[in-house]
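As annotated by TrEMBL, active site applies to S189, D343, H373. The domain 'Alpha/beta hydrolase fold-3' feature in TrEMBL is assigned to 107-262, 314-375. Under the heading signal peptide, TrEMBL lists 1-21.
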Amino acid sequence: MGAKLLCLCIAFSLVAYYIYSPIPENVEQPWRLMLISAVVRTLGNVAEAAEWLGLANYMDVMMLFSTSEYVAPTSDENVTVTDTEFSGVAVRLFLPKKPTDGLRRAVLYFHGGGFCIGDAGMKAYDFLARRTSNQLNAVVVSVNYRLAPKYHFPVQFEDVYSVSKFFLQSRVLSQYGVDPTRVCVAGDSAGGNLAAAVAQKLLEDSEVTNKLKAQALIYPALQILDLNLPSYQQNANMPILSKSLMVRFWSEYFTSDPSLREAMTSNRHVPAQWGHLFQYVNWSTLLPDRLKKDHVYTGPVFGSPALAEKYPGFLDPRAAPLLAAEAQLRGLPLTYILTCEHDVLRDDGFMYATRLRAAGVPVTHEHAEDGFHGALTFATSPGDMAVGHRLTSSYLQWLEEHL
């Protein structure tokens, strides 16, 4: 009996040790976040083993998380939901049933997932789009762009841009009863990257006559030049999105060649001839003092030009919207940016807000001191985390007031 009890205690101790992750004091329900983190970490370990054994690509295994969360397109008393295609790209379309006296608003939404995982049909994204459509009486187009590693940059951008350009045609807007002056692009994480890139590209596209009213960027990933920002250092081991996982997402976006990931991990992937781009991501001038804390800006350490020549995408503003010059930022629509304190991507959003304001763009920047990456995906039921519900409500309130 004593030996069994001892074994049981050891087993419980090992499980607790595996599950435990340091969580900041101001994050609610820390053990719940630890459990979710343990699931993600376990899936990552399985993915690494499968890749090492040659059984599957790392991201193909990670995609199991998205697959397990998939829900079929199901209409309800408020919204008609269908899976269809716009310009040859899969989308989930949400049409409100509420009567309206005039034309409706519209939101083009791009899901997160590091360009490698995620789906418009995941429970969290279906719920957010459904709630957006019902609460705003808006048409919502949630885009299922193609993913890495099967498809690398610029395919993801081209898919969402193709859908955006198609939807902004006057005949299409008219078909769905949408006001051409009330269209917004939005997205979270990698989707926030795509939304920002689409907004920039639409400015210079002379074929698009109907322009965006707004863009909403939820904890967006906006640059790959400096992967050692204060937020990357401070939150390197935070649950949900660690620095190593974000580096893996970024590298897979461009190639499955591990040499780029290795260079990004050491932050030595940018060649000297592209050093002028660092002015656009210089956190010593673009971040508020309170975020700099004890961090010291040392400037870039340059790498070999070979990787940039082979995979130039990571220097392209379509992949890194923060690299756009100020002239390319002028004229961008009303902007909402949400950042979370406990997120490696925090500083990307702060720097973009600073640069947009300097370019004369009206910006609403909401920062959640108790927030973490992916917080909005934890708001699909009343028992979910309060921070997820709060931030979702803030995002939708901003859309109601500005779109």
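Cβ coordinates are placed from backbone N, Cα and C, and glycine is handled just like the others.
TrEMBL labels come from automatic prediction, so no person has curated them.
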DSSP residue counts for the domain 'Alpha/beta hydrolase fold-3' (314-375), split into helix, strand and coil: 23 helix, 19 strand, 20 coil
Same-chain residues at least 6 apart in sequence whose Cβ lies under 8 Å from D343 (active site): Y219, S231, N235, M238, L241, G371, F372, H373
Other C-beta atoms that fall within 10 angstroms of the C-beta of H373 (active site): 26
Average model confidence [pLDDT] within the domain 'Alpha/beta hydrolase fold-3' (314-375): 97
Sequence-distant neighbours of S189 (active site) in its chain (C-beta under 8 A, six or more apart): G112, G113, G114, I218, Y219, P220, A221, L241, L345, H373, G374
